[in-house]
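Comments concern the structure below.
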Amino acid sequence: MNILLMGLPGAGKGTQSEMIANDYDMIHISTGDIFRKAIKDETPLGLEAKRYTDNGDLVPDDITNGLVKERLAEADVQANGFLLDGYPRTIAQAEALDANLADIDSNLDHVIYIEVDADILKERLSGRIMCSNCGATYHKVYNPPKVSGVCDVCGHTEFHQREDDTPEKVGHRIQLQMDSIRPILEHYEAANLLTKINGDQAIETVYREIRNILGE
Ligand code: ADP
Ligand code: AMP
């Protein structure tokens with residue numbers, strides 16, 4: 001099964017993706033995670049991407065399309081199917097993805113859009129923290145670690161805020177992506193692939209709705 005999980009920053013894509021990838025054995029591909037790792041490792045891709053991610057802007061389509069195309073061709077993705085999180089974010093990326101999938105004789109099964117109001121997104125992003133060791137994501141109030149100050153996944157005790165989760169950058173990212181996401185939703189609606197779900201519900205409730213779409 002091949003799935004796109006779409007939503008504005010803070011909609012809960014990463015949170016839901018972890019659960020889906022676990023239960024359905026799909027390969028989770030987050031372009032944001034790929035860029036953050038490249039930036040941390042100071043690779044040429046990272047140095048280039050940082051110029052855009054630092055300002056909350058989108059990384060240019062040719063760079064982003066190229067790296068997704070490479071990843072989709074890898075054996076694990078071919079064998080297990082993919083869960084794309086945060087891609088496509090422009091109509092040009094959606095068209096490139098269609099062409100890439102046609103090239104490798106593959107297709108999308110579902111496009112799920114997690115819908116959340118901008119005010120709630122801002123509140124979520126201002127409280128988002130990540131484990132400094134494994135990158136697991138939490139929210140200080142809505143989704144804290146089970147044992148306070150200890151990562152559920154790896155047991156690490158240091159957490160940090162993402163550099164692009166400051167109030168100014170959050171506002172810019174939401175506005176920018178709100179504008180670019182609309183034609184993409186229309187694209188997948190026309191292809192009869194899109195299901196919208198209400199993301200302003202408890203994490204488990206959102207996940208139950210996703211499971212209903214994907215099937216048990
Ligand atoms: P995205 O990957 O779409 O940017 P995240 O999955 O990182 O979003 O979620 C953003 C923040 O909101 C995180 O701090 C996360 O713990 C929290 N969060 C995710 N889903 C919900 C939800 N349904 N209700 C409340 N908080 C949530
Ligand atoms: P995310 O973790 O999905 O919020 O992404 C973090 C940042 O990475 C974004 O603000 C962009 O700068 C960049 N990014 C992630 N996905 C894409 C994409 N599909 N196209 C362009 N830039 C992206």
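Every residue gets a Cβ built from N, Cα and C, even glycine.
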Under TrEMBL, which of the candidate ranges 30-59, 150-179 is annotated region 'NMP'?
30-59
Hey, TrEMBL has ATP bound by Gly10, Ala11, Gly12, Lys13, Gly14, Thr15, Arg128, Thr137, Tyr138. Any idea which of Gln78, Gln201 it lists too?
Gln201
How big is the gap, in Å, between the Cα of Asp57 (AMP binding site) and that of Cys154 (Zn(2+) binding site), rounded to a whole number?
31
In three-state DSSP terms, the structure that Gly14 (ATP binding site) belongs to:
helix
Contacting binding-site residues, sequence order - Gly10, Arg128, Cys134 vs ligand 1, Cβ under 6 Å:
Gly10, Arg128
